[in-house]
């Protein structure tokens, strides 16, 4: 068993308690399947579903609830092509002028939905994700925070054994293509169509990076909040692969935080795939430099355990991959602008 598998199993046990051992073993088997190339390739192929635009048809799970109603209204006002939603037992009714369905499968069949956003309470969110996977919705964005980690281990096991559905989240702000499609809770007005791809584990720091890249005139091509939980559906590498292949994305902002190995893995990916004269500039900020070991800092995944997952190690790994690491989130925009200026990209 590799160090990554051991670390993931330890995290599952730590987060879920001793009863998490079974879930940890399940996750370990999932990682081993990925490493052996079994089915992992099919889920990787779903990265293409991360691209959203003005033609993306979105449904909302938890449509008639308080959060679903508020954020669906915001999405409609932004111009997102929201085509309906689901609330079990309320099928056949109208909400916000759109049809309500009992199941995701029915919603997809009737509307042609290509994406779903989930605003379902934590105890039921994993079941909502699984329902979307079973309905083969291409992109599922789960906003819900506080989903039991054992539930997400099982969801991840299911995800990595198929290739039709891509999950972003949970515990994330969502994804936005400025001016075209907003799926999530981010404030639309701070975004501006532009040249920078942003990926982040932190929601509020995503907004900070967005505001700054807007202020310096660079704007954003696509912004993805991958969430702060240990077991999510999309990681840094998935998003970096999308950004590196996207001609509209000329620079990348990566915002990480303490806990796990996602940033170190991203650094290795960038070393291999973003080097040479045509490499895209990457600017990063890692939150939690002063965080004490063993204490969870906000997100379930933001914890330094067993001497691993510290900010200094992540910063060192990213710098070795040619990433410009800002020591302050307030400098992300200016760091990227200076790099564009240096490369004569303005």
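Backbone N, Cα and C atoms are what each Cβ position is placed from, and that goes for glycine too.
Swiss-Prot lists 64, 65, 66, 67, 143, 144, 145 as binding CoA, and of 48, 90, 94, 164 the one it places in that same site is 90. DSSP assigns residue 67 (CoA binding site) to a helix in the three-state reduction. Take the CB of residue 207 (substrate binding site) and look out to 10 A: across all protein chains shown you find 19 other CB atoms. Around residue 145 (CoA binding site), the C-beta neighbours below 8 angstroms that are at least 6 residues distant in the chain are 122, 170, 171. Ranking the modified residues 57, 94, 105 by how many other Cβ atoms lie within 10 angstroms of each Cβ puts 94 at the bottom.
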